[in-house]
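Worksheet: one structure, shown below.
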Amino acid sequence: MSGRVGADVEWKDSDTNSVPSFHQTDDLPYVHKVGKPPKQDLLKEIKTGLKETFLSDDPLKPFKGQSRKKKLVLGFQTLFPILGWVRDYSFSKFKGDLIAGCTIASLCIPQDIGYAKLANLDAQYGLYSSFVPPLIYAFMGSSRDIAIGPVAVVSLLLGTMLREELDPIKQKHDYERLAFTATFFAGVTQFTLGFFRLGFLIDFLSHAAIVGFMGGAAVTIALQQLKGLFGIKDFTKKTDIISVMRSVVQSAHHGWNWQTLLIGVSFLIFLLVAKFIGKKNKKLFWVPAIAPLISVIISTFSVFITRADKEGVQIVRHIEQGINPSSAHEIFFDGPFLAKGFKIGVIAGLIALTEAVAIGRTFASMKDYQIDGNKEMVALGSMNIVGSLTSCYVATGSFSRSAVNYMAGCNTAVSNIVMSIIVLLTLYVITPLFKYTPNAILASIIISAVVGLIDLDAAILLWKIDKFDFVACMGAFFGVIFASVEIGLLIAVAISFGKILLQVTRPRTAVLGKIPRTSVYRNVEQYLGATRVPGVLIIRVDSAIYFSNSNYIKERILRWLRDEEESFKDQPKVQYLIVDMSPVTDIDTSGIHALEELHGGLRKKDVQLILTNPGQTVLDKLHAANFVDLIGEDKIFLSVADAVLTFAPKMEQA
């Protein structure tokens, strides 16, 4: 409304669809009229919404105005980013990638053997998964720093879920086939999310839930390694902390092997000290990187010359030699295991995807470059699909190896290619040398690797910032260690969705007051100096108004009104209720119906409803529903200050 506010209020006549002009006489303030917004093109609005949802980064922009040949080249570069940066590749960059590749290879080889056992698979499958998938990712991935291969959490998750369906010893062949099937569907899930640009779905798993899930998984993985660390033969198949500790204690008198315990604990201390040295001095990053391989070499040689395996020390014994065999014919494309493989694959694929994207974004921000989340998903999905056809199980980005890769000075994904070549040479030449490698050393390597997954600092920060986030974190953590990995994951997802539902259905509202000597109105609980306007109650709604929260918002506003009248009985009765709609991004029919009910309830109390600063979308819907006609066009203002200036001018001018 545009008119002079004073003893006589002059309303400027203008078409509500036009931009109002300003009129001023006698130096008195004017209030800007909030007219009916221009009619929006429904088709354009839908198109804009879809674009912002699925094509927010405008991936087709580079193709505009280009020739057909150039578009073809850009298409190949989009699918294979290596074609874009390889033209500027130099020998100096290769030196950095070569050093980084050799360094992460020394770390990944012993880890891969241990992680394969964590997934209840033979050791060679871990090495297979660090050969083919990294090669595929090097050509299709957009991250320069991420190191690809098996990881502890996914290995444990996969092993636990597969073991619920098949016995890894008695039904070994079918177990392996189910693992390949799950890997295939993990890749399909990842590829589909990326191809259809649905990557935003993984953001529904909150950071707090991931911190708790990873921490709980780390504890569970470490507990599982007590079998190898103590040399226990008869060990529980359950993963919860109570079952594991009971199994350890019950086998104390007859199941522990002191030679195994000595090897495991000694090298665990060595690995933890090496990790501490690398953390304290970043220049010594190579110390924790090569420590696992050194541990394997020394412990293997020690067992070989002492023949400790004859004294009960459990050893690897045999690793299949040679390149990855084809497993395309092993995947279950029909039968009862198809659905089971699909279910396990989807879950493992999403967890692997979440970890890889988080790692990629972390290191990209450290080097100040961008990665395309959807391209990453396509790359990860492609490498796992191809991996499932070449005897690999689910691979993803490893945080520990990626950190080493970053600190070793990698420049491009060529470091993954170098690592793959070294793993290939290992499969062809070195695998027989692992025959006498004790299981205890693999357990020590895994324990030292997963220690970094327990992020105490992040949990403390969650407690300081958001108690609900901390509850989500602890819920996921305790769900994993006291129940199972799947239960912990389910709790993490449930709490994440619970938080979203809580925020959507119970949005914040606030009472606003005037900041002295300004025309600014803010939350009276945040700004203690903010003063209430006599006879006026100002409420701000901090959310879109939908069917899920409209009734709550209406009742909460009425409750604010009752509380105001009870708390300030000595002040003038509330005559005007101003609802600041600045944060309200959208409203649906249920929301408008709630406003109509609010208006009706206020009229019975002789209180007028006033709206301020509704957005274009909201205002358009209010006009379409004739709500503006219901309350009167003169009850909608550009700002709270304008509304107060109209109905309580003495307060606004104070």
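Note that Cβ sites are derived from N, Cα and C of the backbone, with glycine treated the same way.
Now, the feature entries from TrEMBL:
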type	residues	note
REGION	1-24	region 'Disordered'
TRANSMEM	135-158	transmembrane segment
TRANSMEM	178-198	transmembrane segment
TRANSMEM	204-223	transmembrane segment
TRANSMEM	256-278	transmembrane segment
TRANSMEM	284-305	transmembrane segment
TRANSMEM	344-365	transmembrane segment
TRANSMEM	377-396	transmembrane segment
TRANSMEM	408-434	transmembrane segment
TRANSMEM	440-463	transmembrane segment
TRANSMEM	470-497	transmembrane segment
DOMAIN	526-647	domain 'STAS'
Long-range neighbours of the transmembrane segment (470-497), counting only residues six or more past its ends (CB under 8 A):
156-157, 160-161, 204-206, 208-213, 215-217, 219-220, 223, 238-242, 347, 351, 459, 462-463
Per the 3+ Cβ pairs under 8 Å rule, pairs at least 6 apart in sequence, do the transmembrane segment (135-158) and the transmembrane segment (408-434) touch?
yes
Does the transmembrane segment (440-463) reach the transmembrane segment (344-365) with at least 3 CB pairs under 8 A, where each pair is 6 or more residues apart?
no
So which of 178-198, 284-305, 344-365 is most in touch with the transmembrane segment (377-396), counting Cβ pairs under 8 Å?
178-198
By DSSP, how many residues in the domain 'STAS' (526-647) are helix, how many strand, and how many coil?
59 helix, 21 strand, 42 coil
Any chance the transmembrane segment (408-434) and the transmembrane segment (284-305) have 3 or more Cβ pairs under 8 A, given the pairs are 6 or more apart in sequence?
yes
For the transmembrane segment (344-365) and the transmembrane segment (178-198), check the count of CB pairs under 8 Å (sequence separation 6 or more) and say whether it reaches 3 or more.
yes
Over the span of the domain 'STAS' (526-647), how high is the average pLDDT in this prediction?
93
